[in-house]
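Annotated in Swiss-Prot:
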- CYS13, CYS49, CYS87: [4Fe-4S] cluster 1 binding site (BINDING)
- CYS161, CYS165, CYS168: [4Fe-4S] cluster 2 binding site (BINDING)
- 4-124: domain 'MTTase N-terminal' (DOMAIN)
- 147-379: domain 'Radical SAM core' (DOMAIN)
- 382-444: domain 'TRAM' (DOMAIN)
Amino acid sequence: MANRKLFIKSYGCQMNVYDAGRMADVMAPLGYDLVSEADGADLVILNTCHIREKAAEKVFSDLGRLRPFKEAMAAEGRRMLVAVAGCVAQAEGAELMARAKIVDMVVGPQAYHRLPEMVAKVERGAGRVLDTDFPIEPKFDFLPAPQAHGPSAFLSVQEGCDKFCTFCVVPYTRGAEYSRPVADVLREAALLAEGGVREITLLGQNVNAYHGEAPDGRTWGLGRLARALAEIPGVARLRYTTSHPRDVDDDLIAAHREVAALTPFIHLPVQSGSDRILAAMNRGHDVEGYRRIIDRLRAARDDMAFSSDFIVGFPGESERDFQATLALIDEVRFIQAYSFKYSPRPGTPAAALSAQLPEAEKSARLIALQARLVEIQQAFNQACVGRPMDVLLDRPGRHAGQLVGRSPWMQPVHLEAPAALLGTLAPVVVETATSNSLAARLVEGNSSMSSDRVLAEEAPPPARIRA
């Protein structure tokens with residue numbers, strides 16, 4: 001009997017990408033193979049995001065597109081099962097079931113290890129399934145060993161959030177902060193490395209709030225965990241996301257100084273450059289505190305660069321508040337960023353605020369902010385020209401003889417290289433740059449080049465920040 005087909009579409013964050021991979025791992029023993037198209041799939045999973053209204057509404061649009069596929073399969077005597085997973089499922093599960101009859105299963109982000117049971121229940125005619133309970137025992141205890149798919153992999157070490165920013169649904173959809181035990185993380189990382197993974201990105205809603213229990217009963221923070229992961233044979237690079245400024249501690253900063261595998265690039269969301277707006281968001285820090293963290297991290301590694309999240313048009317944001325955000329962007333010189341118009345999320349405190357801004361004003365501010373960010377990104381990329389760096393080659397390029405990889409700062413790098421180098425860290429020198437990527441040539445030498453610690457001097461320098 002031929003294996004069944006599984007199609008998964010993920011929306012939103014890297015955690016959803018990780019979760020999608022683990023769903024595939026859960027279903028693989030039942031004979032489900034991943035496919036790239038929903039048409040003809042036996043099981044379709046929409047792994048959803050609830051951060052913004054647009055992302056949530058897109059789920060219903062995609063469900064409408066699935067209907068003809070499901071009906072066509074039914075006409076052939078076959079059955080397509082449709083599951084909605086992720087944060088929309090958690091927040092709006094009952095509404096999904098009522099509004100979209102095409103949906104067979106609604107699966108919360110802490111329940112997808114039970115997918116095989118849900119599928120079996122639907123297949124035996126026991127009705128549709130809604131499972132959005134937060135389990136007493138962590139889902140990780142029930143997941144199979146991870147499968148390596150290429151030289152880079154995500155590894156979830158922390159989930160949930162206790163911060164309760166006024167704009168955010170994550171505490172309600174992902175639950176309280178939970179850190180996986182140290183031994184489990186190290187075991188999973190070792191399995192990935194044995195499968196050829198060279199770069200591991202540690203994931204968490206607040207990943208640097210990690211406080212996992214070690215075998216001796218002590219609690220490890222993210223810095224100590226990074227040191228242990230770097231000792232695993234084969235692990236050449238470590239990244240982590242998403243971090244919160246409140247959880248950047250002394251040991252994590254020291255780890256960036258001491259652990260060569262930790263890349264000099266941190267996603268550290270600030271959301272706004274205005275103290276007034278940060279307080280309204282309940283972020284738990286002010287702009288000066290954020291500056292001090294940036295300054296300390298740059299003191300640990302002088303090639304450190306940053307990305308961030310920005311929300312424009314938060315309720316009550318004045319033009320002065322917005323200009324303060326632009327000033328912080330100019331000061332820190334973020335080389336990447338995710339930026340959005342404020343989107344009220346039902347049930348969050350900010351949604352009830354009266355000073356909501358007009359959409360036109362939010363749009364104009366977003367355009368201005370993104371233009372400023374693009375200028376900085378272009379300058380950073382251009383300043384990399386002529387510089388040596390190590391690139392993790394992770395996929396073939398568009399042209400014959402071309403490979404594509406990632407720089408330490410996450411820029412895509414294109415170069416001519418033999419296919420045998422796929423999956424390795426290769427020493428290169430950057431020859432040209434665009435706003436989005438770099439082109440480089442392969443050079444002779446050891447792939448563990450220290451040149452990853454070079455920050456392009458020709459770029460407009462990041463402002464030194466007051467201690």
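Cβ coordinates come from backbone N, Cα and C, glycine included.
CYS165 ([4Fe-4S] cluster 2 binding site) is 17 Å away from CYS49 ([4Fe-4S] cluster 1 binding site) when you measure Cα to Cα. Other than the site residues CYS161, CYS165, CYS168, same-chain residues with C-beta atoms no more than 8 angstroms from the centre of those residues' C-beta atoms, the [4Fe-4S] cluster 2 site, are LYS163, PHE164, PHE167, VAL169, VAL170, PRO171, GLN205. DSSP labels the residues of the domain 'TRAM' (382-444) in these numbers: 5 helix, 33 strand, 25 coil. DSSP labels the residues of the domain 'MTTase N-terminal' (4-124) in these numbers: 65 helix, 25 strand, 31 coil. Cα separation, CYS165 ([4Fe-4S] cluster 2 binding site) to CYS87 ([4Fe-4S] cluster 1 binding site), rounded: 17 Å. The binding-site residues examined here are CYS13, CYS87, CYS165; by Cβ neighbour count within 10 Å, the least packed of them is CYS13.
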